[in-house]
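In TrEMBL this protein carries:
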| type | residues | note |
| --- | --- | --- |
| BINDING | B:27-34, B:144-147, B:L173, B:181-184 | ATP binding site |
| ACT_SITE | B:H34 | active site, proton donor |
| BINDING | B:Q58, B:Q150 | (R)-pantoate binding site |
| BINDING | B:Q58 | beta-alanine binding site |
Number of protein chains: 2
Amino acid sequence: MRIIETIDEVRQALSTSKGTIGVVPTMGYLHPGHVSLIERARQACDCVVVTIFVNPLQFGPNEDYDRYPRDLKRDAQLAEQAGADFLFTPSVEEMYPRPNQVGLTVRGLSDKLCGASRPGHFDGVATVVTKLFHIIQPSHAYFGQKDAQQLAIIQCMVEDLNLPISIVPCPTLREADGLAMSSRNVYLSEEERKQAPILYQSLLDVTKALDQGAFSHASEVVNSIHEMFKQAPLGDIDYVEAFTYPDLQPIENLSDQPIIIALAVRFGKTRLIDNVIWSRKEESPCFEQ
Amino acid sequence: MRIIETIDEVRQALSTSKGTIGVVPTMGYLHPGHVSLIERARQACDCVVVTIFVNPLQFGPNEDYDRYPRDLKRDAQLAEQAGADFLFTPSVEEMYPRPNQVGLTVRGLSDKLCGASRPGHFDGVATVVTKLFHIIQPSHAYFGQKDAQQLAIIQCMVEDLNLPISIVPCPTLREADGLAMSSRNVYLSEEERKQAPILYQSLLDVTKALDQGAFSHASEVVNSIHEMFKQAPLGDIDYVEAFTYPDLQPIENLSDQPIIIALAVRFGKTRLIDNVIWSRKEESPCFEQ
């Protein structure tokens, strides 16, 4: 695996590449969730590029850009073991030599869920992902279902802007106790870590209840999760929402349409997210296994 | 030359193309200015694609979208004669099957000149040009210098978003009396047409005076043009401005830096634009011949 830091060099390296190119865009501090994306790209593509870039454009002024965890040496080992051909790790100066005057703006899909408390976040995500797509020119790009809103927005962006790229959604990987893998999990104190599995546990409980027909309205699902969080006093709920999926429209009366149940919870300064996609149909391809 | 109306079909047609692809994005109703762009692409590229799309996203609610002139049959003849291999003429439904949720936003460069009186115009231009770039995947794209602000914004967009495309600026073509060629010239009444050459004449006069060192401040240039328009009572000035070029920053004391002198003038409902780029240095590559 070759580590490349400049745009010119990665373009040069890929210019002789034949066949499909799979890209796995990440912010680094790789965990098994990222590894599973890289392995999936390796199985499907002739050339696999992992990118590591902690994108300042998608962090708000009071967010964790400066303290976001970084460990390039370990990341390089993990990416290589998972089968990456290239690791692209540009600096902020390489990606933004001057303040961007032209960027992407996301309407509609970005004003809810994580977008509501992180204004401009998804504009920053869409802009950097587009830049990376233009630099790498992949045929396939791999994104985790854990960031479901990001995935929906990127899929929408690819359609709206006619990007010649297939977006491949990949299932969320979890710790043994169900906590979704995230680079931010390292921030958690011991006590917070003990309570954090409540995110997924509450989602599992409501999907079980949904399967049994216990709820007919989305608000009951949301209220039920709020109720469960009384068991996790360190968790401060940012949002719990149920929307149609993948178009993220409000829904109240539950029908056969797939829904996403998503939540964001702060443990101290650490903000964790999780979601499940649920559909009444038994063999929905959307249902997360 | 093959005429293609769908995105899938043009992608399919270009997928077997080898070498360079030059694109000439237009809104149709081609004139010799467009023809010169196509000929330039023909000289430089292995494959030449002309696009014709009157983009609703870049027209304001009271602008001339509905009455914008269209003549596909004549356009096809002109494009073919000029050497185009493909003419891509998508419908609005093909380009925007639903309202775009993700689009481009232009900051800084777009709030002056034509952007000041056409809010959202350059966001619409940047969005449709990006879509066309993603569909055609050209190596080169040809734009006229007449739309100098559009050209500056597209060059900025290519840099900010790392689009793998060379933008080729091409000189403005003019009628015998100096009027810049434009599809909108057909709107002019006989009397308006007689007065319209004042746009270029006033620009020529001030550049001559600049060459002779007659002005030391940008405001003198602007005032001088306003004065000349007293000879053209049908012309209603939208703006006359002098900015640094290509970064379009305000300037007052004239120096060795190239400047753009640009103006927009309404004759009845018809809005005409023109510009020259002037530099004190004798052999400036920016100076329009």
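Keep in mind that glycine also has a Cβ here, set from the backbone N, Cα and C atoms.
Structure with TrEMBL features highlighted.
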residue : record                    : Cβ contacts under 8 Å, 6 or more apart
B:M27   : ATP binding site          : B:I52, B:F53, B:V54, B:N55, B:Y68, B:S183
B:L30   : ATP binding site          : B:R74, B:D75, B:L78, B:A79, B:S183
B:G33   : ATP binding site          : B:G144, B:K146, B:T172, B:L173, B:A180, B:M181, B:S182
B:H34   : active site, proton donor : B:V24, B:T26, B:V50, B:L78, B:G144
B:Q58   : (R)-pantoate binding site : B:G120, B:H121, B:F122, B:G124, B:V125, B:V128
B:Q150  : (R)-pantoate binding site : B:C114, B:F122, B:V125, B:F143
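According to DSSP, the residue listed as 'active site, proton donor' is assigned to a helical segment. Cβ neighbour count for B:S183 (ATP binding site): 19 (other Cβ atoms within 10 Å of its Cβ, all protein chains included). When Cβ atoms from all protein chains are considered, those within 10 Å of B:Q145 (ATP binding site) total 20, not counting its own. DSSP classifies B:L173 (ATP binding site) as coil under the three-state reduction. Secondary structure at B:Q145 (ATP binding site), taken from DSSP and collapsed to helix, strand or coil, is coil.
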